[in-house]
Amino acid sequence: MSSQSLYKVSGNIAANALVNNDQYKKMYQESIVNPEGFWREHGKRIDWIKPYTKIKKTSFDDHNLSINWFYDGTLNASANCLDRHLAEHSDRVAIIWEGDNASEQRKITYGELHTQVCKFANALRSQGVRRGDIVTIYMPMVPEAAVAMLACARIGAVHSVVFGGFSPDSIASRVIDGKSKVVITADEGMRGGRAIPLKRNIDDALKHPDVTSVEKVIVLKRTGGKVDWIEGRDVWWHSLVETASEHCAVEEMGAEDPLFLLYTSGSTGNPKGVLHTTGGYMVYASMTHEYVFDYKPGEIYWCTADVGWITGHSYMVYGPLANGATVLIHEGIPNHPSPARLGEMIDRHKVNILYTAPTLIRALMAEGKQHFDKYDGSSLRIMGSVGEPINPEAWRWYHEVIGHEHCPIVDTWWQTETGGILITPLPGATDTKPGSATRPFFGVQPALVDNMGNILEGATEGNLVLLDSWPGQMRTVYGDHERFVLTYFKTFRGMYFTGDGARRDEDGYYWITGRVDDVINVSGHRLGTAEVESALVSHELVAEAAVVGYPHDIKGQGIYAYVTLTRGTEESEELRQELRQWVRKEIGALATPDLIQWATGLPKTRSGKIMRRFLRKIAANEVTNLGDASTLADPAVIETLIETRLNRNE
């Protein structure tokens, strides 16, 4: 193996880990050669009401697409996260919660969490929620967010969690698409010392003329902040659970019955509702959580992701709780009120496993390691990275400053659509290279293809595809199966197209190089460029807009917008700020453009297609080798854009 920046598995870790390198190779080989046998065995890791006999019926043929796992079995996700632990671990802490203000802390045992979920599940039923209904959840990072999700799962309702940073318009589009009858929110959330007006955002979202399905809004009293109230529609969480029974039988769900919807950005602009089902997802989330983090019973596990993202679903709620872990949930941000907060929390709660994002690591790195002078970190055993590729400098800083050079780092690659981790090191099995996601998890068959779909062998670079299904895979785009087929299975026939590019080195390790479609990755969160463009163009003074990502020291990718104003409109710094606020209001803070360049024209082909590759290079300040511009209707546009570019490194 090439020794360039190789971090070898220590003998001590390999000896005590769930799998070493030889075991990984043997298990991986079996999972590919005999997937039925492999998953027949590993599907038993969760509890089934009616055991499955049929394991896998899958096809990536775009004319005959089929994704079915454990498909004649029945189960309940909530029972797998709660009930099955009660006999032996009722008193084990399930959730440790620390508020935005560190003085606010709670501990909830598995027994207590079970009671809370049962009561709230009964409360949902009292508000008319039935099996198969879609419930929208827009909550702060409090234990009740997990309670709401598990209560939905308990009674067979499908939850659709919306990230608490999204705007009323973004909430409205998701409520409309899912036709939710019930919305669950809080008066406010707390983040970085600021109150987030969640209830007000819901009120504004529900004023949208196309929102016609919502009958009830359940409101958790988090801060006691003042909220508007609509009698007959709005109801307090606490008043509902006060009288609710502590007993709630679980709904028996088919393995392929929906568990949740989660909307993700697509390149067309309309967020797509990724639909995950129950059986395969629970098997895969719990198995990846155990093996990737080398989880041992009773360990304290902290995933810093928001519950509104897939990482919060799979690795803060379903995976860890199915495995009986103690999960730390933090309401705020781990670098507030100071960069020392992350280390303080690891020490305060004796965290064994940390799963966080490169954006946070880079932000802490920029503040300087002196903030970790008082940090002990001796409890920490495994560290993970998620959301985007981690640059080698940040990887090494994470390893040295947070991990004190003794914690293996699992740099995980996966997507909302995949349900769980697909490419990752395993702590006791994989020598790591900073910046590489390394090798596939069991049952995962990655390949690299050229633009014609030809499989590339050996050390090479190409489009990252997957050749066969895995249990955690999404099943469809809600209400638009054709879009599912078109997005993932039409580009390369017989393969799942990830939308990412990657290279494979001489050791077979994968290095994710980023999106190859029109989606940008801001602070580990996917945003469709079309969404941001649509928001800009909806402003009355904007005639046209093109949005691309560009390298950003902290966020990984920043948002760079080229804007053509309507005839006669004057360019000004005030208008630039107004447009930034406009996008923030339309989509959310995450989508705010970092740089807006005025453009008298955009590089277009004669058929009117915007040539984004030129815009990406100019935004990245790579202006010496732009490539052939002869297909452009007006090549002179390029020179003007280069002269007026904003991201110069002079």
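Using the three backbone atoms N, Cα and C, a Cβ is placed for every residue, glycine included.
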Q: With Gly387, Glu388, Pro389, Asp411, Thr412, Trp413, Trp414, Gln415, Thr416, Asp500, Arg526 listed by Swiss-Prot as binding ATP, identify the candidate in Arg439, Arg483, Arg515 belonging to that site.
A: Arg515
Q.
Check the DSSP secondary structure of Arg194 (CoA binding site), expressed as helix, strand or coil.
A. strand
Q) Hey, of Arg194, Thr311, Val542, Arg584, which of those binding-site residues are within 10 Å of Thr416 (ATP binding site), Cα to Cα? A) Thr311
Q: Look at each of the binding-site residues, Thr311, Asn335, Ser523, and point out the one with the fewest other Cβ atoms around it within 10 Å.
A: Asn335
Q | Gly193 (CoA binding site): tally of other CB atoms within 10 A of its CB | A | 11
(Q) Given the binding-site residues Gly193, Arg194, Thr311, find the one whose Cα is closest in space to the Cα of His539 (Mg(2+) binding site). (A) Arg194
Q) Of the binding-site residues listed here (Arg194, Thr311, Asn335, Ser523, Val537), which is spatially closest to Trp414 (ATP binding site) when Cα positions are compared? A) Thr311
**Q.** Maximum Cα-Cα separation in Å among residues Arg191, Gly192, Gly193, Arg194, Thr311, Asn335, Ser523, Arg584, which the record lists as binding CoA
**A.** 24
Q. Three-state secondary structure of Val542 (Mg(2+) binding site) from DSSP?
A. strand
